[in-house]
Amino acid sequence: MFDARRPKALITGTPGVGKTTHCRKLAAFLNTKCISVGELLAGTPYVTYIPELDTYEIVDLDGAVKRVHSVVEPGHIIDTHVVELVPDPEVVIVLRKAPDVLFAELKRRGWPLKKILDNVWAEILDVVLIKARERWGEVAQIDVTRRRPEETFELLKKCVAGGRCHSDVVDWLGYSEESGFLEFIERLSRSESF
């Protein structure tokens, strides 16, 4: 059933895959708003900042949900990796990135090692994809690793235009094992825990 309050799309995925960039670009193309949930909640009483990890943690889930729902309007594009916070969108797109490439990107950004490891493991283990599927069933999955941003944008446009959503098959655990990255990230994780 159609709900007039539904946002147009949710662009989700592990931090560092390009959600915010694509949300803003898609919103500009559609002449609507990109609601970046992280930016919306930063500095509110619903989250607390953890300086050593350079991240926010949700401390009031109900309050955060109400805040997000109070801002989202029909047609908006939402960007977040915390799928529990958003109203049901018309379409859900999970952006994916190879864990070794994601590791390099987050390191380039100067993120703390623990935060990098948490996010790389989340990508290897499909955490955001699984949460999205648990909530909405089948969702589109786009591997951005070897795609130019313009190619990803074209796939997103087709998906939100009501056309058939492109969906890649991703197996980052197998990929990481075959490439040797899994051994590297396990070793790094063990050394970080001491």
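Cβ coordinates are placed from backbone N, Cα and C, and glycine is handled just like the others.
Swiss-Prot assigns the feature region 'NMP' to residues 36-59, out of the candidate ranges 36-59, 60-83.
Among Arg6, Arg109, only Arg109 appears in Swiss-Prot as part of the ATP site alongside Gly16, Gly18, Lys19, Thr20, Thr21. Swiss-Prot assigns the feature region 'LID' to residues 108-118, out of the candidate ranges 108-118, 174-184. When pLDDT values are averaged over the region 'LID' (108-118), the model yields 95. It is Gly16 that, of the binding-site residues Gly16, Gly18, has its Cβ surrounded by the most other Cβ atoms within 10 Å.
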